[in-house]
Amino acid sequence: MTTETRQKRIGIFDSGIGGLTVLRELYRQLPKESILYFADTARLPYGTRTTEEILQFVDEIITWLVKSGVKMVLMACNTSSALALEKVKSKFDVPILGLIVPGANTAVKQGKRIGVIATPATAASNAYRYAILEANASVQVWQVGCPYFVPLIEQNQLHDPYTYQIAEEYLMPLIQQQIDTLVYGCTHYPYLEPILRSLLPKSVIFVDPAVSLVKVVARELKIMNLENDKTPKPTKFVVSSSPQKFADLSLQLLGYKPDVQVISLPAMLK
């Protein structure tokens, strides 16, 4: 691969700030890589959308990312990974990676009674259940769809008593099943970790698929000779609406306030 190709950005997308958990992992594990982050804030949350809507959104976003010159695309959104990855990855000329298989492979190394909290769309797809049982058919899996988590996080209500109450309600079935491992089936959910840890037994192991995905990214970049060995470019942030709100939330979650551009999909594709 040419130096120019290796210096291209990795494209990441999510419906909102959830994918920043993947971005943080990229900064930690692959600090030399340049990133283009897209948040489809005009159409969030994805977790209550239909499969057809998700497929349309994902197709538009990846088309735009590829036109923007990325060398790889990361679906930093479990709903997209669950419903669209297999359908779109052969359509584009860049590698497209999702969260679910890396997360499932890590989960089965941790425990035998695995709970998955996810958006309703991800839970209904059974993508994590299938991936976990494919990795190890002897484990047990329980999934809970959590429709209110993403809106609460995007509205910056992490410390609201109502959020704690909702978390308690969602976790109750998993506590009753005595899970030993909890998988974040949505990239937004690591922001809830203090609340979730306070509700679950201390012995429960938390699995963040973002960590597992970035390990896979590192391996793929090496295999494909796409690792950047030059100084990385500053991360570019693009949203489909509410740039100020996104920047303010990013300050809390990343520790710095990014410059955020706004584009309108699908208008940008014409």
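Yeah, the Cβs are placed from backbone N, Cα and C, and that goes for glycine too.
Some features that Swiss-Prot has for this protein:
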- Cys77: active site, proton donor/acceptor (ACT_SITE)
- Cys186: active site, proton donor/acceptor (ACT_SITE)
- Asp14, Ser15, Tyr46, Gly47, Asn78, Thr79, Thr187, His188: substrate binding site (BINDING)
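Here the active-site residues are Cys77, Cys186, and the one whose Cβ sees the fewest other Cβ atoms within 10 Å is Cys186. Classification of His188 (substrate binding site) by DSSP places it in coil, neither helical nor stranded. Among the residues the record lists as binding substrate, namely Asp14, Ser15, Tyr46, Gly47, Asn78, Thr79, Thr187, His188, the two farthest apart have Cα atoms separated by 12 Å. Of all the binding-site residues listed (Ser15, Thr79), Thr79 sits in the most crowded Cβ setting, with the most other Cβ atoms within 10 Å. Report note: the substrate site is defined by Asp14, Ser15, Tyr46, Gly47, Asn78, Thr79, Thr187, His188, and the residues of the same chain whose CB lies within 8 Å of the CB centroid of those residues, excluding them, are Gly16, Gly18, Gly19, Leu44, Pro45, Cys77, Ser80, Thr119, Thr122, Val150, Cys186.
Within 10 Å of the C-beta of Tyr46 (substrate binding site) there are 26 other C-beta atoms, taking all protein chains into account.
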